[in-house]
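Colleague: Quick paste from Swiss-Prot:
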COMPBIAS  112-125  compositional bias 'Basic residues'
COMPBIAS  140-174  compositional bias 'Acidic residues'
COMPBIAS  378-393  compositional bias 'Low complexity'
MOD_RES   Ser371  phosphoserine
REGION    108-178  region 'Disordered'
REGION    364-439  region 'Disordered'
TOPO_DOM  1-25  topological domain 'Cytoplasmic'
TOPO_DOM  47-78  topological domain 'Extracellular'
TOPO_DOM  100-216  topological domain 'Cytoplasmic'
TOPO_DOM  238-265  topological domain 'Extracellular'
TOPO_DOM  287-439  topological domain 'Cytoplasmic'
TRANSMEM  26-46  transmembrane segment
TRANSMEM  79-99  transmembrane segment
TRANSMEM  217-237  transmembrane segment
TRANSMEM  266-286  transmembrane segment
Amino acid sequence: MTNMSWSFLTRLLEEIHNHSTFVGKVWLTVLVVFRIVLTAVGGEAIYSDEQAKFTCNTRQPGCDNVCYDAFAPLSHVRFWVFQIVVISTPSVMYLGYAVHRLARASEQERRRALRRRPGPRRAPRAHLPPPHAGWPEPADLGEEEPMLGLGEEEEEEETGAAEGAGEEAEEAGAEEACTKAVGADGKAAGTPGPTGQHDGRRRIQREGLMRVYVAQLVARAAFEVAFLVGQYLLYGFEVRPFFPCSRQPCPHVVDCFVSRPTEKTVFLLVMYVVSCLCLLLNLCEMAHLGLGSAQDAVRGRRGPPASAPAPAPRPPPCAFPAAAAGLACPPDYSLVVRAAERARAHDQNLANLALQALRDGAAAGDRDRDSSPCVGLPAASRGPPRAGAPASRTGSATSAGTVGEQGRPGTHERPGAKPRAGSEKGSASSRDGKTTVWI
């Protein structure tokens, strides 16, 4: 008994702590601290010499052993050890059932998670036809889209990597989903939260362990009552200083003396109190479960609480103003182009703007000529030409690209210069008083 180890039973009881209510955790604390520790530390030290120092006033061989057997049919310490083991047996059986039940639920949830796995890799996106018949394909323009192709390759690589990682972490995800589904939710399993506070009762109900839990509570309470009655019948409420014995082979009634009777009496009363406290905790836990179930039933009959009013619908996103008609892009136009092609597109836009300005200037010149009193005069006698209009009949052509060049430092117009050959060109000249525009 001096080398008795309680580690195995303590580990089992600590595991029960994870599947019990708040009152059950208090009962477990009382059992471990006041019963196991007191019995292992105090009881062993107090009752270690109970038989060695139990002496009788006779020299008859065997009389001392017979009288001690009559005084204590079962040693106090061994009785309390047996009591702890028997009372802990229902809890250990409940723990075994709970672990088995949760393991089966975990396996079922893992299989469901495997069935809910996503399908195979999606097919590559088909090449979309041009939205309008008049718009050519990007290949017809001789333009490449390297960044778009790179993006597709990266997307495929990321998809493959994600699927590989998903296959590697398949079982871990299934176990995590099972833990969440089975009842590992802290807010619903006994931890205080903003929505409410409870002590594990709902978790036991959710795991389907309520009947087994109540059964082990009833068994524990019955064992407590039985051991209280047995302890009273065996030892009473005190350890008497001397014990009269008349059993054979004692020649007559002899008096036997017990060592440290007061200390043993105090310890015996402490064990009575601990047993009564454990019995009271069992009764309180059963009452707690009954009242909690009754409250849940009443709330279920009343119906769910009124839900909060639905939030107001969010306004639609702001509509941004559309781009100008002359600069609008097709819906599938890609802005991801190379730097040289961006410059080319910029020059093309400048040429289009210059051409539009020339057309507007020509139209304004025709209106002025029709309204001028000197209609028959030659063009040279009408004064200097307006800005943006051709200078003379045989003057040099004005390149449309010079509009962009005027904004560039260090560039000057040269009369007679030809348009650049890398972009679309537009110029205008005046022949016979008419304006001709070509691109």
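Each Cβ is built from the backbone N, Cα and C atoms, and glycine gets one as well.
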Colleague: Express the predicted model's confidence over the topological domain 'Extracellular' (47-78) as a mean pLDDT, rounded to an integer.
Modeller: 83
Colleague: Under an 8 Å Cβ to Cβ limit, what residues of the same chain, 6 or more beyond the ends of the topological domain 'Extracellular' (47-78), are close to it?
Modeller: 1-2, 39, 234-235, 243, 245, 247-251, 254-259, 264, 267-268
Colleague: Using DSSP, what is the helix/strand/coil residue split across the topological domain 'Extracellular' (238-265)?
Modeller: 5 helix, 8 strand, 15 coil
Colleague: Short question: which residues 6 or more past the ends of the topological domain 'Extracellular' (238-265) have a Cβ under 8 Å from it?
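Modeller: Those are 46-47, 49-50, 53-58, 60-64, 66-68, 70-71, 76, in sequence order.
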